[in-house]
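A quick write-up on the structure given underneath.
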Amino acid sequence: MSASRRESEPKEAETSPEAGGAASDRRRSKTSRACDQCREKKTRCDFSDERPICSACQRMGKTCTFERVPMKRGPTKGYTRNSEPPEGFDTSRRGSRKRSSSDVFKGDAGRPRADPVSLPPLAQYLPQSGSQPRLQPLLAPGAQPQQQFWKVPYYEYQHQRRGSIDSLGSDVSNRNGSEQLAYLPSNASSGSQFYPASQAQYASQLPSDVEGANPEDCRGSLSLPAIQKFQQPPSGYYLQYPYSQFSMLPQQQQQQQQQNAQQSYFTSQYVPPAAPPGAEHFKEFDEGFHSRKGSDVSVAVSPSSPVQVTRTQQAGLNSESRDTNTATAVSPKPLPKPSKPQMQTERSSSKSDGNHNGPRKQKRKNSNRNKPGSQSSIESIASSSHASIIYGKIPDKQLIDIYFEFIHPNFPVIPINKETLTDDLLLVNTQPISPVHELNTYILHWFRNSLELLVRVALKKPSGSGQAYSDGAVDILDSQATFINALNECFQRIVDIHPGLRENEKLLSLKTKFIYLATFSILNYILAFVGYDNSFVLGMSVTIYNECKLYRYLMYDELPSNDTEASENEDEAGAGDAHASGTPERGKSAKHDLGHQVLFKRLYVLLVVFDSLQSCAFGVPKLISVPLAELTEETFKFSTGKWCVERDPQRFETIRQSLVLGQVLSWLSISRKSVRRNSLQAAPQDASWKDEKSDSVSSSLFAKFLVQKHEMMEDFLLLAPLENSSHLLTFDLLSKSSTAICGLISSMHRLLALLMKINPTNSVDPNNRPPLRQGDFVHTDTEIQSESSNPPAATAAPDSCDADKFDVYRKLLGLNGGQERHVAQGTISPFVISIVVEIRNVLELVKHLPTSIIGVVVNLLPNGEGENYQKRSHRLVMSLSNAMNELVQITSLISLLKPFKMFDHTLRSNRPSAKVSTKLLRQKFAPESVKTPSSQPPSSSPGPNSDGSNNTSLSQNTVMHAILDAAWDLMDGEELGWL
């Protein structure tokens, strides 16, 4: 070490004349590197060649060791770019600095920096000792095993010559060091107890050197995950990773791989758990990768590094004056950015241990005293200094399987089938040899985090929303404030990447663009699923979609319907030549480009549906004016080709009905009276909700309910001129009004009964799984539970006290053990919150109308003439009596349904603002004759027939006012929102 120092000092004097002639004669007063003991105690180390043991170690009776990984050193004092030494001199000098007298680092100085190292595969699939026995998946005839869907690096680049398949292993192992840089594994989680799988932990050694990217080569790139340098693995090491870039090995090597490596998960979509998880999913997970929210460094550097939630977010949790039902008190702005002075204040407040800690802890204890145990435990965990938003709790493959089993069959937020998504779209280039690998990795990272956020929020809690698990563990996302912070973080990170995406738009593949835009679709789905009003997310999503020119794809031709299997094979073969490139492959066929265009059109359709839902639910103006009737029919066609949404025809019908509901919502939001003053008489163009088969789908029943409610409102508003007149209600008018009310109540009852049968909590429940469909394959060693042994959620109440209530509705809902299960059993929907809230609002408006109308009809019976009138009156009274019976059942069903996650919604009739808005609407839209009441009330006019005619007119007048009040309230809901 001294010899190399004496050689480098004269060269430094020659190379850096600014340092002066005395630089060569100056001796260093301290060692170049402190020993481990001095570094730990942060004391001065006087270790040298002449003194093998420093003073501190000599006093403690220890020896100087240098086993810690050396940190990167900065430039020398007086360094300038003009005085930068040549590359060879800098390398030798850097090697001399890292030199020490320890035997551990004897070979470091002579080791070149460009040593060939190997690109590590996905480390979470490394088998562990003592794991579950290997399970061979049962695949469909001719199907290919699925590869790992995130960050699967390719083995080639567009400027490199593609080697043969037989020499693939040697080609990868013989690459130079610059091509063998890779990222740390992004998923360090163990197996989820939601599914019987064993995911292994990354057990290899940590990298000994961290190399940063060249600042001159990435000026326009983002500060994304740090590149890690790994050691060369032994030969055959890659055979343990079935989802790495080596999955393209020959068939013989793949068979050997299956014999030596343990398969960590089934490839099927429907796999019943080996043991009922009950309340134990997410019980014990290995530490996942943490969120980097509020970090001053790279937004995605080393995803496995922990980070704490900032105290500015915790303040809303610990405040006693915070309203738990309003999100504005928790997060007034959707995207807060902590500033450096705030961070310094937080550090200083965390360091103070004096008089502040005692009162603060006492206040927190008192504030949680009157709260339920589960809620206080959630807030205590969320507000603790060690709380953090940890992603990676669900393994990647299980995350995709949960989505396609519980979420996709009801509403395809990712509008593509499972095989195409996992085997094609998610296989993008993340190797550092690509100029856009950082962008690809960043987009995949937050796409995965957004999907996990959706799944974790949708998972059913054992004792209802916001309850603690049996082992005391609580998911931090059950906290309202933490959920809002997690949602805002995912949205902010994906928006921040948009300038870089526009800058590299010509270099990005269509796959990456689809994944990026699908992330916005997932975030808008989460907002609709929990019923949270955040118009900023939807507005920015529309802006991003317009920036990407997605509306231009609407004029392109659609993919041919006769999508044959042979043409797909030709398409895949043609795309295989440029399969790994991060740039758009110009050699693709026109049909392959049309396939991606179909995906972009579907994403645009889904965004229009979310826009329409938010417009109707919260009463905001519609942002996209594109009609959906013809666009949905063209874009979402049933097929079994590569670019289809769903290959099962029954599941596709459920998806289609959800899109039809989007058409009705779009029509209602565009046809508001506040926008168009004239009365709307036309019905939506697509009348598919009148189909008998559509009554078995909740979205179709909700669309039918909305149309019936709108038509009834229009009919009732036509009676507004008669409100203050002397005309009495006729029997025909009463019969028409009664028919509309009874039909609306019947639709409400059928819709709630169907929700109760399918999924009363609108949650992902392992005990209430969708039925096994055609094309789903399970493992031969796994015993599938019978349908009778896997009851729907309606028979498995979350609380024991509600068990009797659920048993009452077994016969009502037809939940017999041998009955065929519903095709949408166990699936979740983004419309359930809006359905339940709007039915509760309408119930408050119409629940007294049947009784009032029956009273009027009974009073009119003595005055009726003819036997026909008597029969019609009896039938009318009978239908109104049945409606009253259904109202009682509707009230019970609403009390049993628990779709609310973390936000509660107050009835519109109980809001003070609703009464004011209804009064203003009546003043604006009511006829002039109604605004000016008549001088002589109709109730005081003498009756021509008998003494009881005055009482009859009074009852009719009361019914008239009740009907018109309900009509104005219904109009207020349509104009200003349901929630």
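Quick reminder: no glycine exception, Cβ is built from N, Cα and C everywhere.
Not measured: the values here are computed from a predicted model.
Copied over from Swiss-Prot, here are the features:
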type	residues	note
DNA_BIND	35-64	DNA-binding region
COMPBIAS	1-14	compositional bias 'Basic and acidic residues'
COMPBIAS	36-47	compositional bias 'Basic and acidic residues'
COMPBIAS	105-114	compositional bias 'Basic and acidic residues'
COMPBIAS	170-179	compositional bias 'Polar residues'
COMPBIAS	186-207	compositional bias 'Polar residues'
COMPBIAS	251-263	compositional bias 'Low complexity'
COMPBIAS	280-295	compositional bias 'Basic and acidic residues'
COMPBIAS	296-309	compositional bias 'Low complexity'
COMPBIAS	358-368	compositional bias 'Basic residues'
COMPBIAS	369-380	compositional bias 'Low complexity'
COMPBIAS	565-574	compositional bias 'Acidic residues'
COMPBIAS	942-953	compositional bias 'Low complexity'
REGION	1-47	region 'Disordered'
REGION	65-142	region 'Disordered'
REGION	165-219	region 'Disordered'
REGION	249-380	region 'Disordered'
REGION	563-590	region 'Disordered'
REGION	926-954	region 'Disordered'
Ask   = In the same chain, which residue numbers or ranges, 6 or more beyond the ends of the compositional bias 'Basic and acidic residues' (36-47), come under 8 angstroms Cβ to Cβ?
value = 30, 53-57, 60, 62, 64-68, 101
Request  = Tell me the residue counts in helix, strand and coil for the compositional bias 'Basic and acidic residues' (36-47), as DSSP assigns them.
outcome  = 6 helix, 0 strand, 6 coil
Remark   = Residue counts for the DNA-binding region (35-64) under DSSP, helix then strand then coil, are 12 helix, 0 strand, 18 coil
Ask   = Across the DNA-binding region (35-64), what is the average pLDDT of the model, as a whole number?
value = 88
